[in-house]
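See below for the structure under consideration.
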Amino acid sequence: MTNMSLVTTFILMGLPHAPELDTFLFGIFLVIYVLTVVGNFLIMLVIIVTPHLHTPMYYFLTNLSFIDMWYSTVTVPKMLMTLVSPEGSPISFSSCVAQFYSFDFLGSTECFLYTVMSYDRFLAISYPLRYASMMNGRTCAILATTTWLSGSLHSAAQTTPTFRLPFCGPNRIQHYICDAPSILKLACADTSTVEMVIFVNIGVVASGCFLLIVLSYVSIVRSILKIRTSEGRWRAFQTCASHCTVVLCFYAPLVFIYLRPGSEEVVDRIVAVFYTVLTPLLNPVVYTLRNKEVKKALLKFKDKVMYSQSK
């Protein structure tokens, strides 16, 4: 990637807040980060060591937990550094590129994964007798690999044109991460083409994935309404409720920041907290508190650990 930038270091300015709240916010976000990493890691570990959870739904949930663990790691530590540095946290040009790429890569991969998970639920509910053969191990591996490769290509398509722009003037990023809207404002060149590329890129991916998710759930609702017993319908609705919750929490702020005309830096930074900090935490909470199988597996895992320690 060639770049004639004179800027070698950017300054992340962090969240807008009163200085006296530094310690409080640092403590809150640190706790959230630890809970996010530990929670997602536990879900991955429990699914891996529990044989009856080796199903397509939990296979994709493992992928989601892995993404969220790293998604939070890419963003939150830098946010914490801005809270302990009143003048902002420095980040080298190359580190900014790496964070930009990783942030978009993990975010877009999660976007694709939500779509695959909705398709999986559609097959499970609409074709229960053929589900095992339709979503075999090979199919699951192909779908998961496709989401990761698609996320990588999507991120490269945004990172490359963004950092080919010259950066020769101000280096203060009005954000706690290296994100497209904030970075483009610092470029010493016309950014309209790059902005259009990013807008179309994110717009096509976000709207396309969301449309596929909606279509999947329209079909799912139709299938659920055909179930004769109320208990069967309730179980089917419960299966999909967790996925719907995290999808809405992920897409709403994403659309607000990237797919609306204009940009308000202060508002964008606050809204970004929802999908960079809270959604990765929400996933393990939602999928454990609303899922009896995962809760039972977690309790058994805890009992095994306590038993082995007591020996």
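Every residue, even glycine, has its Cβ placed from backbone N, Cα and C.
Annotated in TrEMBL:
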DOMAIN    39-287  domain 'G-protein coupled receptors family 1 profile'
TRANSMEM  24-49  transmembrane segment
TRANSMEM  196-220  transmembrane segment
TRANSMEM  240-258  transmembrane segment
TRANSMEM  270-289  transmembrane segment
Sequence-remote partners of the transmembrane segment (240-258) [C-beta within less than 8 Å, at least six residues beyond its ends]: 107, 110-111, 114, 117-118, 121, 125, 180-181, 198-199, 202-203, 206, 210, 213, 217, 220, 268, 271-272, 274-275, 278-279, 282-283, 286-287, 290-291
Folded-back contacts onto the transmembrane segment (196-220), same chain, C-beta under 8 angstroms, at least six residues removed: 108, 111-112, 114-115, 118-119, 121-122, 125-126, 154, 157-158, 161-162, 180, 236, 240, 244, 247, 251, 254-255, 258-259
Mean of pLDDT values spanning the domain 'G-protein coupled receptors family 1 profile' (39-287): 86
